[in-house]
Each structure stands twice: as C-alpha cells, then as structure tokens.
Protein chains: 2
Amino acid sequence: MLKFVSLLLALSFCQGLQHNNIDDYVEAEPVFEASKYGSLWPLPQKVQISEVSFKLTSSSFRIVDAKASSAGPSCSLLQSAYRRYYEYMFGSAKKQWWSKNNRRSDPSDLSELQVWITSPDSECDGYPSVTSDESYELTVNQPVAVLKAPKVWGALHGLETFSQLVFEDEYGAKSINAAIINDFPRFQHRGILLDSSRHFLPIKVILANLETMAMNKFNVFHWHIVDDQSFPYLSRTFPQLSEQGAYHPYTHVYTPADVKMVIEFARLRGIRVIPEFDTPGHTQSWGKGQKDLLTPCYSGSKPSGSFGPVNPILNTTYDFMAQFFTEISTVFPDGYVHLGGDEVDFTCWKSNPDIQKFMEQQHFGDDYRKLESFYIQKLLDIVTSTKKGYLIWQEVFDNGVKLKADTLIHVWKGNQEQYQNEMASVTASGYQTLLSTPWYLNRISYGQDWQGFYKADPQDFKGTDEQKKLVIGGEACLWGEYVDATNLTPRLWPRASAVAERLWSAKDVTDIGDAFNRLSLHRCRMVERGIPAEPLFSSYCPHEYKGV
Amino acid sequence: MLKFVSLLLALSFCQGLQHNNIDDYVEAEPVFEASKYGSLWPLPQKVQISEVSFKLTSSSFRIVDAKASSAGPSCSLLQSAYRRYYEYMFGSAKKQWWSKNNRRSDPSDLSELQVWITSPDSECDGYPSVTSDESYELTVNQPVAVLKAPKVWGALHGLETFSQLVFEDEYGAKSINAAIINDFPRFQHRGILLDSSRHFLPIKVILANLETMAMNKFNVFHWHIVDDQSFPYLSRTFPQLSEQGAYHPYTHVYTPADVKMVIEFARLRGIRVIPEFDTPGHTQSWGKGQKDLLTPCYSGSKPSGSFGPVNPILNTTYDFMAQFFTEISTVFPDGYVHLGGDEVDFTCWKSNPDIQKFMEQQHFGDDYRKLESFYIQKLLDIVTSTKKGYLIWQEVFDNGVKLKADTLIHVWKGNQEQYQNEMASVTASGYQTLLSTPWYLNRISYGQDWQGFYKADPQDFKGTDEQKKLVIGGEACLWGEYVDATNLTPRLWPRASAVAERLWSAKDVTDIGDAFNRLSLHRCRMVERGIPAEPLFSSYCPHEYKGV
C-alpha cells in the first residue's frame, strides 16, 4: 500500500491578511496550503499517491499505445491527444532539445505512458453518448506508467489526469509521483451551456472553451445556438433564417463547415454537442426569415405589426419544423437535441382572433397551456420521427405535456427549495433529469461565488434511491446577455470548474478548503495552457497570463 | 448656426425582447437608438453637429501642426499622437494603399486636421498636473478641420474627440460631419486606481489600460503599487523590499525601467501617475525585507512571531521613511503622492508592551488613534520635505490628524448618505476632496451596474458653492483581490467609462438612455481598437473582439 504525501507545488498564496478598502461583506479568507491531492481537478474517485517520484524528460518521454490495446496508430483521436498532452506537459521545456544527446538515461526516469484500450471496440471513430464508458485506471510506476480504459473516452480523461500529476520540482525538472488511480464519473451528463444568440461567439472562443471543458472532464456542450436576438445557425434547408435573422449574414453566422468543426473538435475531446432550438417562445429571430412562422399579435381588431411565439394553429408550421429538425438530426450526430419550451408568453396568442377560434374548436377554454402542449406534443412527435431523443426545460413537464419515457427534464427555475421539490417531482414521475438552477454562472456577484456552486448537489432532494438514480447530471449555464468574446472565458473559468468537480467526483468530496487549494493550482494550470481563467483570490501564478 | 442631426452608425441592437431563463431581477431593458451625439464619449461640454458631411481618405488625410502653433515637429508627444489617431481612424483601411494613384481628389473631402497650440508654452515636454489646462476647440469644416488648444493636454483630448466623430458610411467610406465643439473637463482629477499587489499586473496590462484611459479622457493613474500581499516595486535604495516582499523577485516586480516606461507612456497621453505607498497599515509585505519596520505583536508576555502595522515608536522607522520617500519623490515626477493611511488595526499595537509604555510617556491614554496620528504627522512632515503634496484616505482626516491646507482627502467609505456627509464635512473644513465610494468597480453585480456608477455625482451633498468647488474629482477603483491579467480589462471597461463621463461632462448630462446609446458605440470602438471592453447588453459589434 502506497502512502499519501503532500506534493510540493510551485505556487504560493498570501496568508490571510487584512482586507484593504473593502467593507466586511467578504467571507472568511481561505489560506493556501498544498493539498495532499496536489492539483488534481476534478478529484478522481480513488487516488493513491506515493512518496516515490520519477523524472520525465521531454527528449525521451513518450506516450504510446500498449501492445494489447484495441486502438492502434490508426486511432487519430488518441494520437492527437498524445500530442496535445505532450505539449501541455513539456511545452515550455521543448527549448531543451539540445540536451538530448548529452543526456544519460537515468534508471529513475519514467520513460513512457502506455495507453491500453481494453474493450475490443475502442469507439475511436464513434461519438460519445450518454451511456459512454468514461472510466479508466492509471498506474504510475517504474519503468512505465499504464493507462487502462475500456474505451477511448476513459483514456482521454486518464491522459488529463496523468498530465495533472506531472509537476516541476525545485530545479524545474518535470516529475511525477508513483500513483494508482481508479476513476469514473459520478454523473453521465456534465455540461456547459453557451449562448451564441444574445452575442455571437466566434468559433475560436467556442473551441477554446471546449478545450477547457476537457481539462475539467465536462462531456456535454449544450449549444444554445439561436434565440430571440439572433439566428446565427446557417441552415442548408432554410438559409433565409440566418440571412435575415443573424446579426450579420456573413460575419455573424455558423456555416455548416463551422458546425462540423465544432462537433469534431468536441468529439476528439470526448465531448457531445447538443444543440438547442428553443420553441415556441424565444423565436423572434426565426420570424425574420420565415414568413408566417410566428403568431401575429393584435392590437384590438388589427394586427399590431409585432409577433409572438411560433404559430401553433397552422399546418405550415409543422411542415417547417419537420424539415428543419430533419436537417438538425443529420447535422448533429448526438442522440439528443434540446427543444427548449421555456417561458412561453401567452399575451400575443390571447390577442389573436384566429388563435381564439382555434382554442374554442379544440375545447381548450382559457387554458393556453393546453395550446402550448398541443404545439409541443406535435413537435415531439416530429423529433421522435427523426430518431432523436430530447431534452426540454422543466415548464414542458410542469404543463403536463405527454412525454416519451426517455425524455430528459432540465430543471432551471426557482430557489433551492423549489428546485429540490421539482427534482423530486420529476423523478417521482419516472423521468430522468438534470439540474442547472444553482449553476447560472451568468449571475455574478462579488467574492468567491464558486463556493456556492460547489456546495449544490443535484441529488439533494427528498426521494427514494430509485429517484436519485434518475438524476443524470447537470449543466453550468452562461447565458449571453452580458458576455461575448471579450469576457466569456475568464467569467466561465474556474467558476465552472466547481460544477465540474461536483458532477464528476464522489458525493463526499465536499471539503471546501481542500477544494480551494487544488482549484487554485488547477486555475494556474489553465492559465499556463493559455486559458485566461480568473483568480480565486489574492495570489499569483508562476507563469501569469500572457495573452493580454 | 448648424443643425443637429442623427448620425447613422454601423451598429444594431436587438429590440427589447423577452428575457430568456432569467428571473425578473433585471431592470427594464434599454433599446438601442442612435444618439444625436453619435458615439461621443464622454460628451463634450458644447457640441454642434451639422448635416453636412465630408469624406476622409487614408491616402491623403493628414494631421498637421498649424502654422501658428507653438508646438512643431520637435514635439514628439503630438507627433506620436498624430500617428496613433491616424492608426485608430484608418487602421483597417490601410490595405487600400493601391487606390492612392487611381484616386481623384474630391473637393468635398476633408484633407487635413490642423492642430494649433495657442499658448506660447505648449507644455509638450512637461508633465500634466492638477492645474493643467485640458480645454480645446474643434472646428470641422471645409477644406480643413482645426483643433485649437492652449496646451498639448487639450490637443490630446481634441484628437480623441475628432477620432470619435469619424464614422463609416454605408459604403465603408470614412466620413465626418461638419461640427463645432468647445470642450473642457468639469473636474480636474479623473482617476483610475489599479492594484498591483493583490495580483501582479504585467506592464502590458497597465499600458493597455492607460491607452484606454486616454480614450475616456481619464487623466490620473492612481497606482496602488504595494500592499500587504506583495511588494512589486523595486526600490533602488531598498532592493530587499521587493527581493523579499514581491511574489517573485524577478518575474513579479516593477524595475526602475518599467516604472519609467509607465510614467512616459502615461505622460504621452496626458495622464498623471500618482503612486500610493500606504502606511502604517497594509504593510505586511514591507516587513519581509525591512527588519524592525513593523510592530512585533505579542501573545501574553511574548512576541507571537507575527507583525502589525509600521512601528511608530522607533527612530529607525522615520529614517527609513525619509530615505524611501526621497527616492519616491525623484522616481515619480507628479506633484502628489498618495500616502494611504486607511484601516489601521490597533490589535497588535495594543499587545506590545513597548508600545504601551510609549503611549504612557506621550500621555495618549488608551486612544490609539493618537498614536496613529503621531505616526502620520511625522510621515507628512517627511513627505512635505520632499516637496510633494499628498493624498490620503479619509480616515486620516476623520482621526483629526493635522494636515497641510493643500492636502487632498480621498473619500471611500460608507453608503450614499455617509459619503455625502463626509464630503460635506471635509469641504466644510476647507480641504479639497475626491470621491471613490460609489465607484468601487471591483464590486460586481449582475446586470447593467454602470447605470449606478453613472448616476452618482461627487457634488451631490449639502454644502455651499464654495464647498462644492473644493471637490476636485474622483476615481474609479478596481481593487485587486479578484482581478489579474486574465480578467482586469473587460471588468474595468466600459464600466469605468460611466465614471469618465460623470467626471468630464457637464453636470446636467444625465440622460441614461442617451448614455446607453453612445456608450454602446463607444464600447464597440474600444473593441475595434483592440481593447476587450465587455458588452452592456445583448448586441453585436461590426468587428468583434479578435484577441481571444
């Protein structure tokens, strides 16, 4: 049995000193100490770290396929991951290429990491899914380290963990302690929502954040791609949607090639891309390029010139949706699509005489939720026919829409008591659910708000074990009203990292002090990898952000 | 008399639509419309804009010294400003160099801007000061525009204003409307406080923010350079202060050359650099490199090993301060230095038997504020002997320390009622004052908090006209606990721009809607100039931030 030791890490924090010029609204100040888990984030399920350490040299260290691995040199997903992680571990040390020939091989060196995919089907060329096996085992010992994983998805996580174990000793030598790690995620669905409608997000920003998601073992990019404000998705079937509905039809759109690039970049990092096309509300931008799609609002007996939600009483609406979602089902390979369904405002429907007549015909009375359900049920049937599963915001469940048994209900409303009741209610009805309410990262406040995100647990509600099992995870949401390329990345990281650990690590990993210590190092690592992750508190990183 | 017209500007905002997934805690949503003042920010004192417009060509447009100007080609401050503003106006158009030869000269073109320094002493090689004349007059008409200013400082502001008048017409041609502008600042002291102690700020970050300050007509960089957490200032006299007290003695320090570069970069933009060396509190980092400077704290009858504020009872303390501030007085050319004096914690002094004895000898009783005043008065005498004026935080005034008549009292504490009472009290005592309380930009909150900054007015307190005249301005403060190179710039801009307009423009410039419209364009201009200024609300810029 190996003994735990504190790793020495090249980072210092100020002691808890007086607070300058700040009223006393700040919580007790944390003091940095090295965690016995070093800079591991999110914390793996089982970690043993020994006092014995080995050195790694940039000239000779290699990441290789194990002989028995089911993934070989043709698995470009792994081959490019090897290069990526080599770069992360030795990027700054590459200048020492000249030392190669002078260097004697040292018996205490760690010479290679062998990556061994154990299942006959490595899934190298596939897409990750909600049921993907993401587990891995990592053994760091002499003369080689071995990373075993049933599928490539676990191997990707294991490579990240391996890179997190590597540190610089006091002479700048890359080192790693002997270790045994057994790891798997607590929840299958660990997502980040980005919103490219309130502000257009250049592809470069999206890719940088996918890269950072992988460093945090997130596995779902929930792409809230269109909304009222703009429609940047360039549809092959309905190009006029972005032609008219984007902020600009050339500079502020995602072309099919862009979307493909995002999906492949994500796949190579074990990340699913789930697009959201929210209807019937949040669709103002759709109406610009698609005549008669939205409901004309009335002022008295005349159309007011403004439009409301999708018009649910026209057959053309459903023809359009069928064509549109058929395209979406081929463009996005993931098994799920997010259909929104939140915040439908009934004012416009109520004003429209044709809608009123339809309500009468259908015997809906004054209950416009029934009209909403009428629309959503037809939409769900359409999407089902494209062979996709769906996620929907909680209102659709709350309004009693008939749902397929495998529908995922996305909880986002209310305070803690309310969302916990909602989770209880959704799971009591037998539906799977994921949580976002406590993780609206667009809502900023002064101080260390990551601690609040960290303390929320999606299984904390009154319910049976069976109900708890229906919680498949959660998502951190960064709605776009106040973020764009100028400030998105530092606002998201490392605040989302707190959510990452809650969704990956064991339920009892709740020590806020230990989390602070590991997260401080993890954020400096993100900075060193070129990501402008903001600081947790007064501190410094050995290598400060350079991309100013 | 010229007529006002709306300028057409290349920016759109979404209309006030529904709000997705946000509880109703957001204020009414502003809707973008073009202001009749276009993108001018801060709004000049007197603006007349005509409907007549001229075109500017990158190949032939020139900024030149007027014949009668007292500043000629040898005034490198102006010459480099001409290049800077040419670049800002035509940067993206330079690719069209090939059009030069094909182009016919058009009689409706604006061919040049003449810059005319009218005072015999242009102050080109001097430093800006609290009494600098920053006024200018700008006349844009055919065939030339004329910018008249008594001193170079006004000319710099006029160049910025001129560049803000230039816009792209619908064919991408650079254009400007005929205009007459008479301008001067409402307050002399318009500052930004940055804190390089809680986090080290690379020089590049400081320079980028000085550049942005100039775009907003700020004229004071209050450099809170050291504090408890670290001492990055490399002192020639006491190099051990940063050797021991910086986060790192080589990578996290400001060398004499760095400081010189910051001061010159600021001077070229009409910005004063006022360093703050805060004592006797906030000095933990000083103690590491300067033995016996801090008070040893006691636990019972024995030293506890920790240290408190500067030790006020030793002669060596004052010898040190005399040498240190003599160096500061030569390194920083500005007439003022900020001496801090805030938040002195008496716990440690109380614990120390030598201090207790001293208190008895001096007949201070139990009133440790008398000991604080004893220290501060000796310090003020030292600094006075270096021929510098000083700013101090309000506590020094509150505690009844005897102050020179020209001391500037910096108000930072309390709620609105409290700070207004403080302003009344300070000015009733005949002291000049500047305000920061409502402008602590480190305190972030969700939504458009710039509106709150914009509404605060430093002259809103009960007092006579004489008292109001003692208000010399204010400063936006961005304390460093939660900001470093990763997030400082988008967090500061355009939020600080709100303060910039409050301190520059006339008191009655308070229309929040018009401000939103101009500020939205101003922030896109900052983005286009390479500054990651964050968005005010859902919107887009024609040229989004590229420096991701």
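Using N, Cα and C of the backbone, Cβ positions are placed for all residues, glycine too.
Note: TrEMBL annotation is automatic and uncurated.
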According to TrEMBL, the disulfide-paired cysteine of B:Cys297 among B:Cys124, B:Cys348: B:Cys348
Cysteine from B:Cys477, B:Cys524 that TrEMBL links to B:Cys541 by a disulfide bond: B:Cys524
TrEMBL annotation, disulfide partner among B:Cys14, B:Cys75 for B:Cys124: B:Cys75
Residue, out of the disulfide-bonded residues B:Cys75, B:Cys348, B:Cys524, whose Cβ gathers the largest set of other Cβ atoms within 10 Å: B:Cys524
Rounded inter-Cα distance in Å - B:Glu343 (active site, proton donor), B:Cys75 (disulfide bond): 44
Disulfide-bonded residues compared (B:Cys124, B:Cys297, B:Cys541) - highest count of Cβ atoms within 10 Å: B:Cys541
Within the predicted model, mean pLDDT of the domain 'Beta-hexosaminidase eukaryotic type N-terminal' (B:40-165): 91
Cβ-based proximity (under 8 Å) of the recorded positions B:Cys124, B:Glu343, B:Cys524 to chain A, or none: B:Glu343
For B:Cys75 (disulfide bond), the one of B:Cys297, B:Cys524, B:Cys541 that lies nearest, given that the disulfide-bonded residues are compared by Cα: B:Cys524
DSSP residue counts for the domain 'Beta-hexosaminidase eukaryotic type N-terminal' (B:40-165), split into helix, strand and coil: 38 helix, 32 strand, 56 coil
Inter-residue C-alpha distance, B:Cys524 (disulfide bond) and B:Cys124 (disulfide bond) (nearest angstrom): 31
Nearest of the disulfide-bonded residues (B:Cys297, B:Cys348, B:Cys541) to B:Cys124 (disulfide bond), judged by Cα-Cα distance: B:Cys541
Separation of alpha carbons, B:Cys541 (disulfide bond) and B:Cys297 (disulfide bond) (Å): 56
